[in-house]
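Down below is the structure, laid out as structure tokens.
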Amino acid sequence: MPTTMQALVGAESGGYRLAENVDIPVPQRGSILVQVHAVALNPRDAKIVDFSNAPGSLGGCDFAGTVKKVGEGVTRFKEGDRVLAVTFGSNALDKTKGAFAEFALAEEDISCRIPEDFSFTQACSIGLSMATAGLAIFQAPGLELSLHGGKGEAVLVSGGATATGTMATQLLRMAGYTPIVTCSPANNALCQSYGAAACFDYHSPACGADIRVQTNDSLRYVLDCVTDTTTMKMCYEAIGSSGGSYIALETIATTVKYTRRDVRADWFLADAIMGNGVQMAGTYGRAPSPELRRFGKQLFALAENWLHDGSIRHHPLEIQDGGLANMPQALNDMKLGKVHAKKLVVPILGH
């Protein structure tokens, strides 16, 4: 096995650069070293190097591959196992953590064994959307819904055709809730195929009011996967007159937040699921949270079962070849909005 690798790391001037001869990290207690076969790209990967760059740190979150080494105390996995995992790259606290490399570290309890009928390109798209949707729906400061016993109550997912949106729709269905979504009419069939009970056109100025009518003024819970001023206003209009909870994936506009005192509004970072705290600029920093790590362990154990019994599906994929060398271009395509209703995936092994 080699001792060095290629990796995409934070550049001193911002953005990423392709680095040669990067030391392959050593798995510590509770972690595994994975030879990366494929990675998925997420908006976080493009944004983070602009607002909280960590030069020299490995980039990326979503990956899948084969286990090459296991750290002390690891019992779930062995060398040769096919796994998917999520990590949080561009991490100033630990620059060896990141997915955009030929080898990547994963935490044993924030990883899943891949079903035999799953390819690596499919599997690598699961981790971050699972972590994000799971935290948003089931944990504070998210909606804090029950993993079981939803009793059919409607929950709105704004951005139902995003990767987090389709995952959230599936998780809500399994927990007994009735997911309704906003999306473009062109994506109605896509969202319905993941379990959306109703789709509303976010282009319509009456979108929020229409949802409020259709839910009989009773909507209490909203997950906003888009998170801008327009979608936040729409979500506020949709929530019933008794108030409710709104959770976002980005910082939220206070100009909208305080227009309704009966709505609890907050936002979160999926990075917090690792429990180690988050060192980022401004309001993005997070204190350590063992409770969130315990939830992450529970969630990924469940996710492994759901994958193997077919309860959840991955988001539609767009595969770009070229390996690590093509990653800056792929990230730029995503940043410019050239990818719609698909998860961008790049095969690594063999490129």
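Glycine too: its Cβ is placed from the backbone N, Cα and C atoms.
Copied from Swiss-Prot, the annotated features are:
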- 10-346: domain 'Enoyl reductase (ER)' (DOMAIN)
- Ala161, Thr162, Ala163, Thr164, Ser184, Pro185, Ala186, Asn187, Tyr202, Leu249, Glu250, Val339, His340: NADP(+) binding site (BINDING)
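In this structure, the binding-site residues under consideration are Ala161, Ala163, Ala186, and the one with the smallest number of other Cβ atoms within 10 Å of its Cβ is Ala186. Averaged across the domain 'Enoyl reductase (ER)' (10-346), pLDDT for the predicted model comes to 95. Remark: Glu250 (NADP(+) binding site) has Thr227, Trp267 as non-local neighbours, by Cβ distance under 8 Å and separation of at least 6 in sequence. Around Ser184 (NADP(+) binding site), the same-chain residues six or more apart in sequence whose CB sits under 8 Å from its CB are Ala161, Asp201, Tyr202, His203, listed in sequence order.
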